[in-house]
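Below is one structure, written out as structure tokens; the observations come after it.
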Amino acid sequence: MGPGNYTFSSDFILLGLFSSSKTSLVFFSFIFFIFIMTITENTLMILLIHRDSRLHTPMYFLLSHLSFMDILHISNIVPKMIADFLSGSRTISFAGCGFQIFLSLTLLGGECLLLAAMSYDRYVAICHPLRYPVLMRDNSSGLLAAGSWLVGILNSIVHTAFALHFPFCRSRAIDHFFCEVPAMLKLSCIDTTHYERGVYVSGIIFLLIPFSMISISYVQILLTVFQMQSSGARQKSFSTCSFHMVVVIMYYGPFIFTYMRPRSYHTPGQDKFLAIFYTILTPTLNPIIYSFRNKDVLMAVKNIVQSNFLNKN
């Protein structure tokens with residue numbers, strides 16, 4: 001195929017999740033509700049952590065970064081989906097697609113590392129409580145958060161540059177609801193095998209290693225929990241760890257399945273279904289599971305409500 005057929009800067013078309021059926025309208029309404037809910041609860045979480053001094057701990061500091069990542073991540077994808085559904089236009093510019101890839105990979109990679117850092121924080125707090133003040137000083141949590149952002153950004157720069165460097169000489173229709181690397185690779189008319197190997201290496205660094213660390217941390221936590229004298233404390237800790245692991249599996253599982261399979265095994269419907277978990281559902285569940293089930297957060301909410309009520313009176 002000649003060079004004239006290569007497409008470097010033309011607009012792409014996002015086929016998306018929605019069609020013109022009534023079922024799609026219901027699904028669109030659900031996605032819109034999830035978007036508003038996610039923005040609201042994660043923003044509230046950040047404000048609570050900022051305002052309440054009792055939440056100025058390493059755990060909540062990392063949670064505030066998780067909430068900020070979740071706000072940016074869902075805002076990077078869902079508003080475009082909403083605009084496309086309402087306008088009927090599904091085009092996205094080359095630059096817009098590149099920005100979506102860059103921000104998405106930055107946040108996905110950063111969140112993978114941040115979740116591992118949070119599990120380490122819980123491991124130290126529960127399994128080595130006497131050493132917690134030393135191992136998780138304020139600067140330690142800051143370094144963990146900054147490292148998650150920095151490594152995520154560097155990884156994203158590399159993959160975004162490679163993904164947009166490939167010549168696109170096939171259809172410009174991306175069978176996905178946002179610009180994602182596996183979907184983009186299907187449009188390339190050259191062999192991407194070497195680049196896919198690089199994706200596998202990144203998958204090991206950002207997915208398999210952090211997921212293994214999280215799993216080991218929670219196994220150690222559960223072993224410590226089972227040695228507790230109080231059955232109430234044991235049951236509560238087990239419930240908390242179980243909810244955390246469910247969210248972790250919902251995030252890492254589909255992510256690993258999408259990015260660590262050969263391109264020939266991908267199907268558009270499956271990729272879109274899996275992407276919903278780590279781009280839309282987990283940002284909604286994270287503040288509920290990690291924060292709003294916590295008595296310190298509930299007490300902070302109660303104090304703010306009471307403070308506002310007293311100020312009005």
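Backbone N, Cα and C define each Cβ position, glycine as well.
Taken from TrEMBL, the feature domain 'G-protein coupled receptors family 1 profile' covers 41-290. What TrEMBL records for 25-48, 60-78, 98-120, 141-162, 204-226, 238-260, 272-292 is transmembrane segment.
Counted over residue pairs separated by six or more positions, the transmembrane segment (238-260) shares fewer than 3 Cβ pairs under 8 angstroms with the transmembrane segment (25-48), which leaves the two as not touching. Across the candidate stretches 60-78, 141-162, 272-292, the maximum count of CB pairs under 8 A to the transmembrane segment (98-120) is reached by 141-162. Listed by sequence, the residues of this chain that lie at least six past the ends of the transmembrane segment (60-78) yet keep a Cβ under 8 A from its Cβ atoms are 31-32, 34-35, 38-39, 42-43, 45-46, 49-50, 100, 103-104, 107-108, 110-111, 114-115, 117-118, 121, 138, 141-142, 144-145, 148-149, 177-178, 279-280, 282-284, 286-287, 290-291, 296. Sequence-distant contacts of the transmembrane segment (272-292) (same chain, six or more residues past either end, CB-CB distance under 8 Å): 17, 31, 34-35, 37-38, 41-42, 44-45, 60, 63, 66-67, 70-71, 73-74, 77-78, 104, 108, 118, 175-178, 180, 243-244, 246-247, 250-251, 253-255, 257-258, 298. If one looks beyond the transmembrane segment (141-162) by at least 6 residues along the same chain, the residues whose Cβ comes under 8 Å of a Cβ in the stretch are 58, 61-62, 65, 98, 101-114, 117, 120-121, 181, 195, 198-199, 202, 205-206.
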